[in-house]
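Here is what TrEMBL records for this protein:
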DOMAIN    6-146  domain 'Lactate/malate dehydrogenase N-terminal'
BINDING   GLY12, ALA13, ALA14, GLY15, ALA16, ILE17, SER18, ASN106, GLN113, THR130, GLY131, ASN132  NAD(+) binding site
BINDING   ARG93, ARG99, ASN132, ARG163  substrate binding site
DOMAIN    157-322  domain 'Lactate/malate dehydrogenase C-terminal'
ACT_SITE  HIS188  active site, proton acceptor
Amino acid sequence: MMRRPVRVAVTGAAGAISYSLLFKIAAGEMMGKDQPVILQLIEIPQAMDALRGVAMELMDCAYPLLHTITLHDNVEDGFKNAHYALLVGARPRGPGMERSDLIEVNGEIFARQGKALNDYANRDVKVLITGNPANTNALIASRNAPDLSPSQFTCLTRLDHNRAKGILANQTGATPRDVNGIIVWGNHSPTQYPDLHHATILGEPAINQVDMNWYKEEFIPKVQQRGSEIIQARGLSSAASAAQAIVDHMHDWVLGTEPGEVASMGILSDGSYGVEKGIFYSFPVRCNYGRYQIVQGIELNDFSKECLKVTEQELLEEKAVVNHLLPEETAASHDNLSICLRSGVTLYADGTGPDQDSKFMTTNRVM
Ligand SMILES: NC(=O)c1ccc[n+]([C@@H]2O[C@H](COP(=O)([O-])OP(=O)(O)OC[C@H]3O[C@@H](n4cnc5c(N)ncnc54)[C@H](O)[C@@H]3O)[C@@H](O)[C@H]2O)c1
């Protein structure tokens with residue numbers, strides 16, 4: 001028996017990542033092989049012709065799970081009633097543009113998208129920001145959505161996580177499925193910290209199976225710089241691997257992480273591991289029942305503590321650049337996130353779920 005279709009909104013739907021992503025979603029790789037989807041595809045007005053072409057190709061695949069495709073040249077229409085919103089579209093860095101200029105132009109786009117999600121999306125929409133700078137764009141979107149919980153917003157660091165897993169497997173002669181417990185901490189940028197101290201290969205500590213020099217001098221910079229390495233080799237930025245990472249992130253969030261496995265997700269910091277509250281930071285998480293929870297109690301050595309601080313500092317600096325896009329009214333909810341709210345519990349129509357007076361998650365929808 002078929003389930004009711006869910007609405008998946010995607011921005012930047014005529015871009016390079018979406019050209020892989022949309023076909024995976026329609027094939028059931030993200031939400032499961034029994035979950036029909038409605039794709040609400042969003043682009044800027046100049047790209048609507050290209051988007052029509054993508055929609056025709058989707059139609060021509062005749063995917064049994066693809067219920068409907070709708071095309072939109074604005075986010076207000078495109079986000080209507082969305083259960084999942086994948087914010088992929090962003091302005092790329094142009095010639096002569098500094099990173100701070102990029103943060104600024106994209107910041108405005110994500111402020112509008114946060115407001116549109118607040119006003120039009122389903123009340124328990126799950127949001128994933130991929131467009132760069134992903135962590136800071138997630139903060140801007142979340143801060144501009146006062147009626148949604150900050151726990152509903154996440155940003156993509158799964159590509160870094162998958163890269164770390166793939167590179168480690170390749171180095172040690174293992175296969176990726178033998179590798180567990182990879183963690184990527186912090187920003188989706190070259191300051192991120194891919195941490196192998198808790199990883200295992202076939203159950204044995206990974207760190208004992210690699211040379212410490214290789215870990216610090218080769219592995220960490222390689223994962224951090226992998227995006228540039230791919231641009232140099234291909235002349236184009238990573239797109240198919242980013243699409244796969246988006247699928248993995250949403251799949252785990254909605255359907256749960258494998259038993260015993262952790263995923264890396266960019267989420268609002270609740271102060272865990274001493275990371276300052278109020279920024280989107282990549283943490284190790286476990287997911288079930290559509291919720292995520294930070295894995296607690298991981299021991300950090302001095303080297304790791306230092307790496308966590310460096311990437312935290314960069315995020316605080318990015319936050320300062322976009323401060324004018326962060327409305328005061330949402331400061332408190334972001335600076336004092338509680339564990340209960342972060343778990344993203346859905347309130348059901350029969351009254352089960354979190355407290356009725358909870359400011360967030362007041363949906364009646366049962367999925
Ligand atoms: N977080 C990550 O791990 C990760 C990995 C890879 C790429 N990225 C980022 O993802 C983004 C997309 O990458 P891509 O390769 O698909 O780029 P792309 O340039 O091929 O496509 C981006 C698309 O977004 C559209 N767009 C721009 N502004 C929009 C808006 N306001 N609303 C809707 N659509 C809009 C553009 O028209 C374009 O079609 C980039 O910002 C890239 O840096 C992030």
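Quick reminder: no glycine exception, Cβ is built from N, Cα and C everywhere.
Sequence features annotated in TrEMBL and their locations in the structure.
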| residue | record | Cβ within 10 Å |
| --- | --- | --- |
| GLY12 | NAD(+) binding site | 22 |
| ALA14 | NAD(+) binding site | 24 |
| SER18 | NAD(+) binding site | 27 |
| ARG93 | substrate binding site | 14 |
| ARG99 | substrate binding site | 13 |
| GLN113 | NAD(+) binding site | 28 |
| GLY131 | NAD(+) binding site | 25 |
| ASN132 | substrate binding site | 22 |
| ARG163 | substrate binding site | 23 |
| HIS188 | active site, proton acceptor | 27 |
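As a whole-number mean, the pLDDT of the domain 'Lactate/malate dehydrogenase C-terminal' (157-322) in this prediction is 96.
Summarised by DSSP class, the composition of the domain 'Lactate/malate dehydrogenase N-terminal' (6-146) is 63 helix, 27 strand, 51 coil. Residues from the recorded positions list (ARG93, ASN132, HIS188) with a C-beta closer than 6 Å to any atom of ligand 1: ASN132, HIS188. Distance from the CA of ASN132 (substrate binding site) to the CA of ALA16 (NAD(+) binding site) is 14 Å.
Closest in space to ARG99 (substrate binding site), of the binding-site residues given as ALA14, SER18, GLN113, GLY131, is GLY131, taking the CA atom of each residue. The recorded positions shown are ARG93, ASN132, ARG163, HIS188; of these, the one with its CA atom nearest the CA of GLN113 (NAD(+) binding site) is ASN132. For ALA16 (NAD(+) binding site), the number of other Cβ atoms no farther than 10 Å from its own Cβ, over all displayed protein chains, is 16.
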